[in-house]
Amino acid sequence: MYSFNTLRFYLWETIVFFSLAASKEAEAARSAPKPMSPSDFLDKLMGRTSGYDARIRPNFKGPPVNVSCNIFINSFGSIAETTMDYRVNIFLRQQWNDPRLAYNEYPDDSLDLDPSMLDSIWKPDLFFANEKGAHFHEITTDNKLLRISRNGNVLYSIRITLTLACPMDLKNFPMDVQTCIMQLESFGYTMNDLIFEWQEQGAVQVADGLTLPQFILKEEKDLRYCTKHYNTGKFTCIEARFHLERQMGYYLIQMYIPSLLIVILSWISFWINMDAAPARVGLGITTVLTMTTQSSGSRASLPKVSYVKAIDIWMAVCLLFVFSALLEYAAVNFVSRQHKELLRFRRKRRHHKSPMLNLFQDDEGGEGRFNFSAYGMGPACLQAKDGISVKGANNNNTTNPPPAPSKSPEEMRKLFIQRAKKIDKISRIGFPMAFLIFNMFYWIIYKIVRREDVHNK
């Protein structure tokens, strides 16, 4: 009986103990704080009750905020010489530390927030100093990213398309190398409050397989600081320089080769008979007009600049060679017809000789109407009115050399035609050689000398 009562006592004591333990655990579970929901956490971090003010920068009245910038280029193109600008699509990423956003209450190491939360935090007032036009992307939603880390680091990424000014030096066009810049600057905060700097690794990244229609984007990126000084203070500024080397394929096909063929075509007139005036004149005028049109077309897509470009020199020299070929035929035609002018001059001269000259000339035997030998004048020269000398008798017995026999009209015609043909023969060699020498100097200067000058800048 005693053992049974003892056993029942111990059993009752055990039940009471476990009941008390269970009740304490339930009470502890009820009294333990519930895990904070994301909404409650954000309200506590940057809501109205948090004391966070997006109008005030981090470290207010303290050291400036350092903002690390990074650019990822999605596309690069639409480089326009007439407006001197270029179009680029980029991801702009900014990172800074805001101690007010550091947290320990939430288990995640970082929070990716909705873009609508951007209005609730402070952001740098970055703008592009050489921007001519820009727009954000909102398809299918705002292309923006906001990420907050446990230590208060903030990552702000945004996708934008920019049209940026790019002053170009077209002296070497179309063998030029252009440098286009992108300047990132603070609009309102001076360097006492905000400093921009490039990210140490991969500050400027380019999408794989990115190609440009007319340019080669060189791999080296020139990153610089461009601090601006205004009346309102000194403002932070950073810039990236993109070196673009123009490809000549399009211009060789559209400008250089056609103009070269037109110049060669103008040389065909040197092998055409000089008597075929319609053919040679028609060919010369056609090549001149074609070359003029080609020269005008080469300037259609370029701005009206005050200096001379490489393409202008090429077109001007080609036009000069074509026009010179036309003038060459004018010279050939003029020389070949000179014998007619000479014969006409001779006939005119004989027609205007004084009739008195016949009184002083001997008739085959020296017995003319007046025989000056009888008067002792000898072979002296009497000067007629038109300058014709007549032999007299008192010239100290000296005689003038007999006049050279004049050439016949046919001989004169052949002489001048040979001279004209000689001009054509010289032109057949002279024009190509002169154009070849010009090409040697042209390509050496623009492809080697000036290119080295550009790279050394």
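The backbone N, Cα and C atoms fix where each Cβ goes, and this holds for glycine too.
As written in Swiss-Prot, here are the features:
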type	residues	note
BINDING	Tyr230, Asn231, Thr232, Gly233, Lys234, Phe235	strychnine binding site
BINDING	Thr232	glycine 2 binding site
DISULFID	Cys166-Cys180	disulfide bond
DISULFID	Cys226-Cys237	disulfide bond
REGION	391-410	region 'Disordered'
SIGNAL	1-28	signal peptide
SITE	Leu289	site 'Important for obstruction of the ion pore in the closed conformation'
TOPO_DOM	29-250	topological domain 'Extracellular'
TOPO_DOM	273-277	topological domain 'Cytoplasmic'
TOPO_DOM	299-309	topological domain 'Extracellular'
TOPO_DOM	331-425	topological domain 'Cytoplasmic'
TOPO_DOM	447-457	topological domain 'Extracellular'
TRANSMEM	251-272	transmembrane segment
TRANSMEM	278-298	transmembrane segment
TRANSMEM	310-330	transmembrane segment
TRANSMEM	426-446	transmembrane segment
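As a whole-number mean, the pLDDT of the topological domain 'Cytoplasmic' (273-277) in this prediction is 88. Tertiary proximity for the transmembrane segment (310-330) is limited to same-chain residues at least six positions away from its ends with a CB under 8 Å from its CB atoms, namely 171-176, 251, 255-256, 259-260, 262-263, 266-267, 269-270, 274, 280-281, 284-285, 287-288, 291-292, 294-295, 298-299, 423-424, 427, 431, 434-435, 438, 442, 446. Nearest neighbour of Cys180 (disulfide bond) by Cα distance, taken over the binding-site residues Asn231, Thr232, Gly233, Phe235: Phe235. Here the binding-site residues are Tyr230, Phe235, and the one whose Cβ sees the fewest other Cβ atoms within 10 Å is Tyr230. Excluding Tyr230, Asn231, Thr232, Gly233, Lys234, Phe235, which define the strychnine site, the same chain contributes Thr190, Lys228, His229 within 8 Å (Cβ to the Cβ centroid), listed in sequence order. With helix defined as DSSP H, G or I and strand as E or B, the topological domain 'Cytoplasmic' (273-277) counts 1 helix, 0 strand, 4 coil. Counted over every protein chain shown, other Cβ atoms within 10 Å are most numerous around Cys166 among the disulfide-bonded residues Cys166, Cys226. If you take the Cα of Cys166 (disulfide bond) and the Cα of Lys234 (strychnine binding site), they are about 24 angstrom apart, rounded to a whole number. Recorded residues Cys237 (disulfide bond) and Asn231 (strychnine binding site) have their alpha carbons 16 Å apart, per Cα-Cα distance. In space, Phe235 is the closest of the binding-site residues Thr232, Gly233, Phe235 to Cys226 (disulfide bond), judged by Cα positions. Neighbours of Leu289 (site 'Important for obstruction of the ion pore in the closed conformation'), defined as other CB atoms within 10 A of its CB across all chains, total 11. Counting Cβ atoms from all protein chains shown, Cys237 (disulfide bond) has 18 others lying within 10 Å of its own Cβ. Cβ packing within 10 Å was compared across the binding-site residues Asn231, Thr232, and the lowest neighbour count falls to Asn231. Within the chain carrying the topological domain 'Extracellular' (299-309), a Cβ under 8 angstroms from the stretch's Cβ atoms is held by residues 81-82, 84, 170-173, all 6 or more beyond its ends.
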